[in-house]
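Comments concern the structure below.
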Amino acid sequence: MDCSTPARASCCSLPFLLRRRSSTWFIVVVVCSACFVSNFSYAIAAPVLPFALSERVSISMDQVQYWISIVLGGYGAGLIVGSPFAGWLTDQFCSRKIPFLAGMLSLLVATLLLCLSRCLSLFVIAGVLEGLTGAIVWTVGMALLSDSVDQGRIGQAMGCMSVAGPLASLCAPALGGFVFDHSGYYAVFAMAFSVIGVDGILRVTMAQPTPVVQLCVRTPSVGMDTQPSKSASEIDKVGLLEQGRRIPRILLLLRSPRLLAALWGTTVQQGLMTSFQSVLPLFVKATFGWTATRAGLIFLPYLGPIVLFSPIIGSLSDRMGTRVLAAAGFVVGCPSLLCLRFVNHNSDGQVILLCILLILNGTAGALTLSSLMAEVSRVVNTKERDDPKFIDKKSVYGQAYGLFVSFQGLGCLIGPLMAGALKDAYGWAIMSLVLAVISGVSAIPIAFCSTGRRSTDREASGIAEGP
């Protein structure tokens, strides 16, 4: 059956709880759960990787850090390379549920490899598979939300989704370390498999609101014997459509300054977030003499605002647009990053100052993250509505978000390398200065290219606007 042609309503019989399983709120819950579990199963292994490599693979302790970096690098490579392919693939299916379930199977295999591997190459393969899984889950998840959620509320949905990653990063390593210390190696992965099982049940239960499902839910007794007639404007656009098909639509999307600004913004934001993850634990250990446990807790004031404020910021972006919020995030991040240079000795006041600055940086991250995620959906929505080359049966949400996730992976790869190199070569103060300049400069393309309040209101109401 063609993706764009609904079946006869008379053939539809409502499956069990179809209205609930295809509702917007349930789809948002399933997508958030999938993204959380994807990050959780990866982050929960972090505390046990040193043990696994030294005890199960017999790697010498002076080589453990190197091979941990290789495994984590495999994750980044899988994320960067897999996201565009996952985006293209999900746009080829009538239902995004199929690649969504494929992501769950990939996650299961990757976690199983991490659990059972006694070979170094299998650990690296498992890291790559975890990256591919993240690419599938995040790309398909954002495309699924764009398909299912009204454009006037897409920011709120993306804000809820953006909580999943930071929340997993907060609780997974602590849980993994605690379970490992008290119950051993396999108990950690037993917890991971349990979480994956619950997530799998949610994914299988979900019913994506495809045209057939919508027809069954909304008009179960009305036939569809007649096909809707094409308008004159659609007929006039056939020639442009055929011309547009010769050019991959993802290349047409890349002509949009709005999309390019969103890609740049997410690269910078992810780079800044992962920069903290690479340099902050070592900095507080050297400056304050903290243990590994206290060093891990320092991420709480940074990730906390992202978890708390992202849904609120996403909801605000539905009314205000991306421009003000995302640009404000980079502007706020500039002085708060610059002031990190003043944290340079061990005292209670310095610890308090560091926590305040991390809260400000986390708030800046919340301002940018969810609003940029929603911006990609608005770009595609505008293009598919107004550009004749995009009038087709298949959406390009998947391909657009494939690029978005790939650029996030690029930021995750560049950020730690750049911050670590700057700190080692020039010190903490120069590193904070460079990061502050990058954050401040990034506000410029966001301010000039992203949507404002008026454009967002037009998109939500369906009024045409230029791309």
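Every residue, even glycine, has its Cβ placed from backbone N, Cα and C.
The shown structure was predicted, so the numbers you read here are calculated from the model rather than taken from an experiment.
Marked as transmembrane segment by TrEMBL: 25-44 (among others). When Cβ-Cβ distances below 8 Å are used as the criterion, the transmembrane segment (25-44) is approached by residues 75, 100, 103-104, 107, 110-111, 130, 133-134, 137-138, 141-142, 144-145, 148-149, 157, 160-161, 163-165, 167-169, 171-173, 175-176, 188, 191-192, 195-196, 198-199, 202-203, 205-206, 208-209 of the same chain, each at least six residues removed from its ends.
Sequence annotations record features per position, and here TrEMBL assigns domain 'Major facilitator superfamily (MFS) profile' to 27-454. Mean pLDDT of the predicted structure over the domain 'Major facilitator superfamily (MFS) profile' (27-454): 83.
Look at TrEMBL and you will find 64-86 (among others) tagged as transmembrane segment. Within the chain, the transmembrane segment (64-86) has long-range Cβ neighbours (under 8 A, six or more residues past its boundaries) at 42, 49-50, 53-54, 99, 103, 120, 123-136, 138-140, 250, 398-399, 401-406, 408-410, 412-413.
Away from its own ends, the transmembrane segment (98-116) comes close to residues 34, 37-38, 41, 45, 52, 86, 89-90, 122-123, 125-126, 129-130, 132-133, 136-137, 140-141, 144, 186, 189, 192-193, 196, 199-200, 203-204, 206 of its chain (Cβ-Cβ under 8 Å, at least six residues beyond either end). Taken from TrEMBL, the feature transmembrane segment applies to 98-116 (among others).
As annotated by TrEMBL, transmembrane segment applies to 122-145 (among others). Counting only same-chain residues 6+ beyond the ends of the transmembrane segment (122-145), those with a CB under 8 A from a CB of the stretch are 27-28, 31, 34-35, 38-39, 41-42, 52-53, 57, 67, 70-83, 85-87, 90-91, 96, 99-100, 102-103, 106-107, 109-111, 113-114, 154, 157-158, 161, 208, 373, 376-377, 395, 397-398, 400-402, 404-406, 408-409.
For 157-179 (among others), the entry in TrEMBL reads transmembrane segment.
Residues 29-30, 33-34, 37, 40-41, 44-45, 47-48, 51-52, 104, 107-108, 111, 114-115, 175-176, 179 of the same chain lie 6 or more positions beyond the ends of the transmembrane segment (185-202) yet place their CB under 8 Å from a CB of it. Taken from TrEMBL, the feature transmembrane segment covers 185-202 (among others).
Annotated transmembrane segment per TrEMBL: 296-317 (among others), in sequence order. Counting residues 6+ beyond its ends, the transmembrane segment (296-317) has Cβ neighbours under 8 Å at 153, 155-160, 162-163, 166-167, 169-170, 173-174, 276-277, 280-281, 284, 290, 325, 354-356, 358-359, 361-363, 365-367, 369-371, 373-375, 456 in the same chain.
Residues or ranges marked as transmembrane segment by TrEMBL: 324-343 (among others). Sequence-distant contacts of the transmembrane segment (324-343) (same chain, six or more residues past either end, CB-CB distance under 8 Å): 265, 268-269, 272, 287, 313, 316-317, 350, 353-354, 357, 360-361, 363-368, 371-372, 375, 428-429, 432-433, 435-437, 439-440, 442-443, 446-447, 450, 452-453.
Here TrEMBL flags 349-374 (among others) as transmembrane segment.
For the transmembrane segment (395-419), the residues of the chain that approach it from at least six positions outside its boundaries are 73, 76-77, 79-81, 83-91, 96, 131, 134-135, 138-140, 142-143, 146-147, 249-250, 253-254, 259, 262-264, 266-279, 373, 376-377, 379-380, 383-384, 431, 434-435, judged by C-beta separation under 8 angstroms. Annotated transmembrane segment per TrEMBL: 395-419 (among others), in sequence order.
Sequence annotations record features per position, and here TrEMBL assigns transmembrane segment to 425-448 (among others). Distant neighbours of the transmembrane segment (425-448): 257, 260-261, 264-265, 268, 271-272, 275, 279, 283, 322-323, 326-328, 330-331, 333-335, 337-341, 343-344, 364, 368, 418-419; these residues of the same chain sit at least 6 beyond its ends, with a Cβ under 8 Å from one of its Cβ atoms.
Under 8 Å from some Cβ of the transmembrane segment (349-374) lie the Cβ atoms of residues 142, 154-155, 158-159, 161-162, 262, 265-266, 269, 272-273, 276, 284, 287-288, 298, 301-306, 308-311, 313-314, 316-318, 322, 325-326, 328-330, 332-333, 336-337, 339-340, 342-343, 404, 439, 446, all in the same chain and six or more residues away from its ends.
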